[in-house]
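Colleague: The structure follows.
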Amino acid sequence: MEVSNMTTVTVFVLLGLSNNPQVQALLFVLFLAIYLLTLLGNLLMVLVISTDSHLHTPMYFFLRHLSFLDAFYSSIIVPKLLENLLSKEKTISFLECFTQISLVIFSGATEACLLSVMAYDRFQAVCHPLLYVVVMNRRVCAGLVGSSWAIGIGTGLINTLLLAQQHFCGPNIIRSFACELPPVLLLTCSNPCTSIASILTTMSVLGLGTLVLLLGSYSCIITTALRINSATGRNKIFSTCSSHFLMVTIFYTSGVLRYMIPASGSALEQVLSVQYSVITPLLNPLIYSLKNQEVKVALGRMLARKSRLPL
């Protein structure tokens, strides 16, 4: 299916994860189950946080946006993956591919910003508890979330528009299960220096910049927690922040490595792509709900209200 004599590529071919029909059938069932659980978990988090007044705090305001973003992010990748697992012609149009690239970059950049915002929120709550309500007021929270979405949109558009300026004349085979910037860059027939410089700048400024903010916030949180004489107080702080720190570790380890490692179509790249685009959106609601007593109590209240409704 490789097209080497075309002057302009109009479709790409996604190699996917396997060519074995039996393996593809098993993967289809697995990824369909993961996708449905991801949507259920994240949208349930959005519903619980939106309907329970006890969770109308800055931390859960940010978590609601993160859960919605994870459901959206998973919907960018998994439906096309499921379609290709059942299809013999694993093609994706030029426009669809570049739309997917743009949305993947947008989602990743927005999530990185939201995770930093959530770390800053925890920093204010732990290190400046008396000023927390004043500093993290509704306007500030809305501004931080709005800025995160705006940065994500801008980052996705800039990198995708620069990539679209490249000339694609063949081959048209993408060694991945989704359109992502690194493997698509390998197919360009023109000089990709501009796109490479753009994505490296994005990773340096946005990726490392948000990581520095995260590490700085958690360094201050840990230092403050260690100064507390009460073991109960320390445990409460670490318990509150551990879920967020775990998700930060998973997201940055897989996402940053995926875009920093030179694209080659290796198995490691596929594993990293599956990790941050399929597994991470599933883990977020599980970790935040199972490790968060407030969320579990709120979910119980919501289910109790539903059971009391007249049939």
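Placement of Cβ uses the backbone N, Cα and C atoms for every residue, glycine included.
Here TrEMBL flags 25-49, 61-78, 98-120, 140-162, 196-216, 237-261, 273-290 as transmembrane segment. The domain 'G-protein coupled receptors family 1 profile' annotation in TrEMBL covers 41-288.
Provide an account of the burial state, proximal residues and distances for the features listed.
Modeller: Panel annotation: around the transmembrane segment (98-120), residues 59, 62-63, 65-66, 69-70, 72-73, 76-77, 80, 92, 144-145, 147-149, 151-153, 155-157, 159-160, 163-164, 178-181, 184, 202, 206-207, 210, 213-214, 217-218, 244, 247-248, 251-252, 255, 276-277 of the same chain, lying at least six beyond its termini, place a Cβ under 8 Å from a Cβ of the stretch.
Away from its own ends, the transmembrane segment (140-162) comes close to residues 58, 61-62, 65, 98, 101-111, 113-114, 117, 120, 181, 194-195, 198-199, 202, 206 of its chain (Cβ-Cβ under 8 Å, at least six residues beyond either end).
Note on the transmembrane segment (196-216): residues 105, 109, 112-113, 115-116, 119-120, 151, 155, 158-159, 162, 181-182, 185, 248, 252, 255-256, 259-260 of its chain, located 6 or more positions outside it, place their CB under 8 angstroms from a CB of the stretch.
Long-range contacts of the transmembrane segment (273-290) within the same chain, counting only residues at least 6 positions beyond its ends with a Cβ under 8 Å from a Cβ of the stretch, are 17, 31, 34-35, 37-38, 41-42, 44-45, 63, 66-67, 70-71, 73-74, 76-78, 81, 104, 108, 176-178, 180, 243, 246-247, 250-251, 254-255, 258, 296, 299.
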